[in-house]
Every structure is written in structure tokens, then in C-alpha cells.
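Scroll down for the structure; my scribbles are underneath it.
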Amino acid sequence: MSGESTYVPKNAVAKWFESRLPVLGLAHSSFVVFPNPRNLNYWWTFGGILAFLLVSQIITGVVLAMHYTPESTLAFDSVERIMRDVNFGWLMRYWHANGASMFFIGLYVHILRGMYYGSYKAPREVLWLLGFIIYLLSMATAFMGYVLPWGQMSFWGATVITSLFSAIPVVGDAITTWLWGGYSVDNATLNRFFALHYLLPFMIVGVVGLHIWALHVPGSNNPIGIEPKSAKDTLPFHPYFTVKDGFALTLFLIFYAWFVFYIPNYLGHADNYIEANPLVTPPHIVPEWYYLPFYAILRSVPSKLGGFLAMFGAVLIVAVLPWLDSSKVKSAVYRPLFRIFFWIFVVDAVLLGYIGSQPPEGGAVIAGRLLTAYYFIHFLVILPLLSRFEPTRPLPASISDAVLGDSAKAEPALASH
Amino acid sequence: MAATTTLEEPTRRDFLYIATAAVGIVGAGAAVWPLISQMSPDASTLAAGSVEVDISGIAVGQILTVKWRGKPIFVSHRTPEEIAAVRAVPMNELKDPATDQSRVEKPEWLVVIGICTHLGCVPLGNEGPYHGFFCPCHGSVYDPSGRIRQGPAPANLVVPPYKFVSDAKISIG
Ligand code: HEM
Ligand code: FES
């Protein structure tokens with residue numbers, strides 16, 4: 001499906017360059033003439049939004065690093081200086097801090113889009129795995145970034161999450177001490193987290209490159225989940241999808257700007273404006289919203305090692321989705337039962353997030369356990385059974401048949417989508 | 001083409017190949033170890049030895065928090081009732097069985113690292129059902145001997161190495 005390189009350099013300089021490094025041709029075939037299924041909907045615009053946000057995080061991050069001091073006695077003050085004294089420092093910091101949340105909104109929409117339309121299935125398993133690696137790296141990056149302002153939540157979040165490794169039998173404590181570079185989260189920890197927080201986004205850029213490469217081998221999946229069969233099923237990337245992606249990006253950025261300018265601390269925690277104090281734990285510590293479902297799973301298991309395994313298991317299980325769901329029909333549009341269970345799963349995950357934000361008492365504990373059990377049941381029982389026994393609806397003959405309505409075989413139910 | 005398959009040439013190349021691989025593996029190992037080891041606590045952290053604490057001012061029932069190796073240490077001046085209560089507990093009721101006697105130097109003084117053995121929060125003193133310690137993070141409950149009684153923590157609060165320098169002073173570390 002990769003676009004044939006029809007690029008013809010228009011001037012002498014381009015021609016000279018192209019014959020030495022054919023990168024213009026690569027860009028042309030990947031982002032100008034690249035054939036996309038003509039029926040892509042707005043859920044397909046989040047890939048572009050994520051790419052934009054990644055660049056935006058790197059730019060604001062490098063700017064913040066010019067004013068930030070990764071030293072435990074100075075870090076908190078340096079962030080306050082960024083907020084009060086540095087020209088537009090407040091903007092850079094709010095842009096970066098809220099950008100992390102926007103990045104995770106984008107990631108979750110993008111991942112759920114893939115789950116709903118079966119984008120993880122053959123021939124896109126490697127593409128899915130690369131996306132999963134991006135997700136892991138992003139979680140590590142955001143976790144370490146949140147430690148940098150060295151507030152109470154920074155410190156205690158770092159303590160609780162790194163202490164998770166002490167649950168590993170025998171070597172756990174040694175690993176934790178090694179991660180800390182001391183006997184508690186301290187200056188050595190802050191320093192290395194800063195170095196890694198700077199490094200990891202560039203590694204994400206590298207994996208994004210592979211992700212796009214793996215995407216451009218089979219091309220994009222689409223809402224009806226059947227592969228393009230003829231030129232009639234596709235449209236060139238430019239102008240059709242550049243404008244669609246650009247429009248969606250603009251709307252998304254307005255949403256983002258609303259957070260930055262009107263409610264910049266809405267997704268944060270007031271406790272993080274208190275400098276880290278290793279002798280006092282805040283009464284209610286919670287991680288950033290994007291980790292809450294996994295935090296709820298951690299707390300639902302009444303054993304230290306068990307909680308550790310359940311939490312990492314809940315993240316890792318997403319990677320093996322292509323092998324848990326073997327249904328040949330990709331899109332939920334043609335899988336009536338899968339579609340219902342998909343939405344139940346989404347509700348389960350959102351409720352887990354809510355439970356993760358609440359103190360672990362009474363009803364919240366029991367609800368957390370039930371929701372945790374269902375989370376795993378969805379992946380390990382429901383999906384494998386559905387892919388064997390679910391009666392699926394007949395697929396249209398082709399994308400153009402389904403969306404252009406120029407054939408008696410057009411799928412009428414699609415009108416509702 | 002076919003003329004290149006003689007016995008002598010591959011032998012010489014094999015030797016170089018194996019020698020290169022052997023030196024390469026040793027070299028990689030020698031480079032990786034320092035790269036991993038540099039992340040462990042450095043000499044100054046290891047040397048951050050002991051602290052002396054004056055305990056004469058701690059009233060009965062009071063808990064003093066001091067800092068040692070970046071961690072809070074609780075020095076608790078226990079009441080006679082607390083001592084009697086923790087010593088009366090049968091071992092089979094404990095998740096991490098240990099007698100109170102094995103955890104203190106002198107009955108009225110409990111010295112423990114104030115870090116919850118679950119995920120590292122600092123528990124609150126004189127709190128919880130046993131009036132020992134309560135961890136607000138995920139609800140672990142310890143008794144006045146610092147032993148885990150309820151909640152997700154797997155082990156008792158750790159007793160640091162310490163000794164009485166005099167009746168009024170302890171040295172931790
Ligand atoms: C995927 C990309 C990135 C994500 C998700 C991310 C996330 C975060 C988060 C959540 C914070 C804490 C914000 C706060 O509450 O104050 C933070 C802080 C910070 N980040 Fe990043 N970051 C990314 C890339 C970068 C890059 C490339 C740099 C370059 C050096 C950087 C430098 C910093 C600095 C210096 C801070 C501390 C200042 C502050 O707290 O505002 N970040 N980051
Ligand atoms: S850290 Fe104390 S209960 Fe989890």
C-alpha cells in the first residue's frame with residue numbers, strides 16, 4: 001500500500017539534492033500522495049495530534065530546562081522562579097504541564113480507537129506493539145517529569161511508585177536502592193530523573209518513526225475494517241487528510257488552550273505547591289489522572305507483591321491484544337456483541353480511574369476489586385470467547401461500495417456512523 | 001570463486017573472529033558494570049553514618065521524629081499500658097511474628113524507621129486501632145511495637161541499628 005514515488009523534483013537544487021539523499025521523495029510518497037482509505041473518520045486524526053503534541057512537549061521542555069535546576073534544595077524554587085520571574089515562564093510551564101495531560105488524552109483516544117476498530121489485528125500487530133512501547137515510554141517520561149518540580153506530590157508519588165519494585169522477592173530492596181541512588185528518594189534520584197526525562201522523549205520520537213514506517217506498510221485501517229481493494233477505495237493524503245487532520249488539530253488546540261489559560265491547575269494537585277518534605281506524607285496521595293485506573297488495580301489486591309503484579313499485568317496485557325482477540329472481523333461495526341463489551345470495558349476503566357482517586361475505604365475497596373476482576377475478565381475470558389462464538393454481520397464488498405452507496409450491496413446500517 | 005575455499009584461510013579468520021569476540025565480550029562487560037554501578041548510592045551517601053539523639057526531653061506517650069540517612073526515625077516513649085499490651089499479644093495473631101522484647105533495647109523506648117513497609121509513606125504516630133501507627137496512604141495499621149497488624153504492608157516497621165550512649169542519649173547508625 002505504500003505510495004509509489006511519483007515525486008519529480010521541480011528545480012535544479014531539489015534535483016541535485018534528491019539524487020544524493022532522496023528524502024524529499026520519501027516525504028512526498030509518505031505525506032502527499034500516500035493513499036488513505038477514503039472513509040477515515042475523526043478518530044483517525046489523533047495520530048497527527050499526538051505527533052504535534054510530542055514536538056510541542058519537546059520545545060517547551062527544552063525551554064523549561066534552560067531555567068530549571070535539578071538539585072533537591074533548589075528545584076522547587078527554580079520552578080517558582082519560572083512561574084514568577086522568567087518571561088512567559090508561567091506560559092511555558094502551564095503549556096508543558098497541561099501538554100502532558102493532553103498527550104495522554106490523545107493516547108487514550110488513539111488506543112481505544114484501535115481497540116474499537118480492530119486496528120491491532122493482522123497485518124498490523126507490529127504497529128500495535130510499537131504503539132504500546134510509545135505508551136510505556138510516555139508513562140515513564142511523565143512520571144519522571146512530575147517529580148521535577150519537587151513538591152509534596154512529586155516526592156511521595158516518586159516514593160510510592162519506586163517502592164513498588166521492593167515487592168520483587170529477594171532482589172527488590174537492592175533494586176529500589178539502586179533506582180534511588182540512596183536510601184530514599186533524594187537529590188541523586190531527582191538528578192537522574194531529570195536526565196532521563198530529557199532523554200526519553202527523544203527515544204519516543206525514534207519509536208514514532210518506526211510506528212509510522214510500520215503503518216505505511218499495510219496502510220491505515222478504517223471504520224469498516226476491510227482493506228482497500230482498488231484505487232476507488234482510497235484518497236491521497238494531501239489535500240484530503242492534511243485538511244482533516246489540520247482541522248481536528250485546531251479544535252484540539254483550542255480545547256488545550258482553554259486548560260492552559262483558564263484552568264491550568266485543574267488537573268494538578270494543590271499539595272504539589274508545597275515543597276517536598278521527606279518527613280511528612282500528605283494525608284491523601286494520588287497519582288496524575290492518567291495513571292489512576294492502574295493505581296486502583298494496585299490497591300485492590302491486598303498483597304504487596306500481588307498488587308505489583310496486577311498493576312503491571314494490567315498495563316502489559318494491552319500489548320497481547322492481537323493474540324487474545326482472534327476474530328477475523330476487525331471493526332466493532334460488524335461485531336454486535338464485541339461492541340457492547342467494548343463500551344462496558346470503557347466504563348469499567350473510567351470507574352477504576354474514579355476509584356483510584358478516592359481514599360481506599362469501605363465501598364470503594366470492594367468496588368475496586370470487582371472492577372479489577374472485570375478488567376482482566378474482559379481480556380482473558382470475554383475477548384477469546386467472543387472471537388470464537390460471536391455471530392458477526394456480513395461485511396460490505398469494498399470500502400467504496402459501503403461509503404459511496406453506488407451499489408445495491410451498500411451497507412445501510414453504516415448511515416448511523 | 002571456488003578457489004577461495006582452502007583450509008588455511010578460514011582457520012586464520014576463525015582465530016581472529018573468536019579472539020575479537022572474546023575481547024569484545026570482556027570489554028563490554030567491563031564497560032557495562034561501571035555504568036550500572038554508578039547508579040548505586042555513592043561514597044558520601046554511604047558515609048552519612050550515625051546521628052546522636054537526646055531523648056531526655058521526650059515525655060511518656062510522646063514520639064520524636066529525627067532524620068537519619070534521609071529517612072524519618074520514630075523514637076517513641078511508650079506508656080506502661082502500651083508495653084503490657086504489646087507483650088501480651090500471642091505470636092499467632094501477627095502477620096510478621098516478632099516479640100516486643102526482640103524489637104527494643106529498653107522496654108519504654110521503641111526506635112523504628114518511620115517508613116511504611118508497604119510503599120514507603122510515613123505513618124502517623126499514636127494513631128489507629130492499636131494506638132500505634134497508622135499509614136494514611138493505603139491504610140496499614142501498626143501496634144505500639146511497630147508490628148504490622150492490618151492492611152497491605154507485609155512486614156513490621158524496621159528497627160534501625162542503634163545503641164544507648166547514656167540513659168539520655170541514643171546513637172542511630
Ligand atoms: C513526551 C514528552 C513529555 C512529557 C509527557 C512531559 C511531562 C512532564 C510533566 C508531567 C512535568 C511536570 C509538570 C509540572 O507539574 O510542573 C514535566 C516537567 C518538566 N519537563 Fe517534561 N515532558 C515531556 C518532555 C520534556 C522534554 C523533551 C524536556 C526537555 C528537557 C522536558 C523538561 C521538563 C522540565 C525541565 C520540567 C520541570 C519544570 C516543571 O515542572 O514545569 N520535558 N514534564
Ligand atoms: S505505603 Fe503505607 S499503606 Fe501503602
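Numbering starts at 1 and runs along the chain as displayed.
Any Cβ shown, glycine's included, is placed from N, Cα and C.
Because TrEMBL annotations are produced automatically, they should be read as predictions rather than curated entries.
As given in TrEMBL:
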| type | residues | note |
| --- | --- | --- |
| BINDING | A:His96, A:His197 | heme b b562 binding site |
| BINDING | A:His110, A:His211 | heme b b566 binding site |
| BINDING | A:His216 | ubiquinone binding site |
| DOMAIN | A:13-224 | domain 'Cytochrome b/b6 N-terminal region profile' |
| DOMAIN | A:227-397 | domain 'Cytochrome b/b6 C-terminal region profile' |
| TRANSMEM | A:42-69 | transmembrane segment |
| TRANSMEM | A:90-111 | transmembrane segment |
| TRANSMEM | A:126-148 | transmembrane segment |
| TRANSMEM | A:155-181 | transmembrane segment |
| TRANSMEM | A:193-215 | transmembrane segment |
| TRANSMEM | A:246-263 | transmembrane segment |
| TRANSMEM | A:305-324 | transmembrane segment |
| TRANSMEM | A:336-356 | transmembrane segment |
| TRANSMEM | A:362-386 | transmembrane segment |
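Distribution of TrEMBL features across the structure.
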| residue | record | DSSP class |
| --- | --- | --- |
| A:His96 | heme b b562 binding site | helix |
| A:His110 | heme b b566 binding site | helix |
| A:His197 | heme b b562 binding site | helix |
| A:His211 | heme b b566 binding site | helix |
| A:His216 | ubiquinone binding site | helix |
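Taking the Cα atom of each, A:His110 (heme b b566 binding site) and A:His216 (ubiquinone binding site) are about 17 angstrom apart. Listed stretches A:90-111, A:155-181, A:193-215, A:246-263, A:336-356 were compared with the transmembrane segment (A:126-148); the greatest number of C-beta pairs under 8 angstroms is found for A:193-215. Ranked by how many other Cβ atoms sit within 10 Å of their Cβ, the binding-site residues A:His96, A:His110, A:His211, A:His216 place A:His216 at the bottom. A 10 Å cutoff on Cβ-Cβ distances gives A:His197 (heme b b562 binding site) a total of 21 other Cβ atoms nearby, all chains included. A straight line from the CA of A:His211 (heme b b566 binding site) to the CA of A:His197 (heme b b562 binding site) spans 21 Å. Across the structure, A:His197 (heme b b562 binding site) and the residue listed as 'ubiquinone binding site' are spaced 29 Å apart at their Cα atoms. Same-chain residues lying 6+ beyond the ends of the transmembrane segment (A:246-263) with a Cβ under 8 Å from its Cβ atoms: 42, 45-46, 48-49, 52, 91, 94-95, 98-99, 101-102, 106.
Beyond its flanks by at least six residues, the transmembrane segment (A:362-386) meets 293, 296-297, 299-301, 310, 313-314, 317, 321, 324-327, 335, 337-338, 341, 344-345, 348-349, 351-352, 355-356 of its own chain at Cβ-Cβ distances under 8 Å. A Cα-Cα distance of 30 Å separates A:His96 (heme b b562 binding site) from the residue listed as 'ubiquinone binding site'.
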